[in-house]
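*Asks:* Straight out of Swiss-Prot:
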BINDING   Thr19, Ile69, Leu93, Tyr108, Thr112  S-adenosyl-L-methionine binding site
Amino acid sequence: MIPRVFIYRLPQDDPRKNTAIKLVRFGFAQLVDSIKALPSGSIILDPTVKTPLTPSDRVIAESRGLSLIDCSWKRAVDVHTKFIRGKFIRRRLPLLIAANPTHYGKPYILSTIEAVAAALYIMGFKDEAMEVLRLYKWGPNFIIINQKYLERYAAGDLSPERELLGVDDVDNGLEQLMRVLTNGD
């Protein structure tokens, strides 16, 4: 059973370009009006935590759902560290490369639709991930760019992160990357 996707959206960008709005409009996600309205016990994608999403998270996502906060990358660290309260299972996505026109080729700065597709793919919902990405002309390019990484992540192998970061200490490398991304977006 495909996980239900819940999104709390902060109006920090152009709504005409917002991928979360399109996910909701086409029935792939449900918009909630506050962080408290996100389901307790759901997996929440949080770029500030150390624990990556893995295929073993599938069971939780199927029963409790997948939650996201749609916000500007410039404010992502503040939003995720200050506002997430409650009983969520916090996971970050493993390192991937953006295919969206705004951040094309940049590591980790994924749009909401890319994040949802990546999570679905990693948890074994590959067809559903492709279906979501087809909402945009550039969407399937996300899979093309990241195919070898997504396949390894979907098999539970997180070693591509070291390869993409070029460091052995993934936690430290991601911390440095987040600092650069949130200051220079």
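Positions of Cβ are set from backbone N, Cα and C atoms, glycine also.
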*Asks:* Can you list the residues of the same chain, besides Thr19, Ile69, Leu93, Tyr108, Thr112, whose Cβ falls within 8 Å of the S-adenosyl-L-methionine site's Cβ centroid?
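*Replies:* Near the S-adenosyl-L-methionine site, the remaining chain residues are Leu45, Pro47, Leu68, Asp70, Leu110, Ser111, Glu114, Ala115, Val116.
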*Asks:* Tally every other Cβ atom lying within 10 Å of the Cβ atom of Ile69 (S-adenosyl-L-methionine binding site).
*Replies:* 23
*Asks:* Under DSSP, is Ile69 (S-adenosyl-L-methionine binding site) part of a helix or a strand, or is it coil?
*Replies:* strand
*Asks:* According to DSSP, does Thr19 (S-adenosyl-L-methionine binding site) fall in a helix, a strand, or coil?
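*Replies:* Where Thr19 (S-adenosyl-L-methionine binding site) sits, the three-state DSSP reduction gives helix.
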*Asks:* Among all protein chains shown, how many Cβ atoms are found within 10 Å of the Cβ of Leu93 (S-adenosyl-L-methionine binding site), not counting that one?
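*Replies:* The answer is 18 other Cβ atoms.
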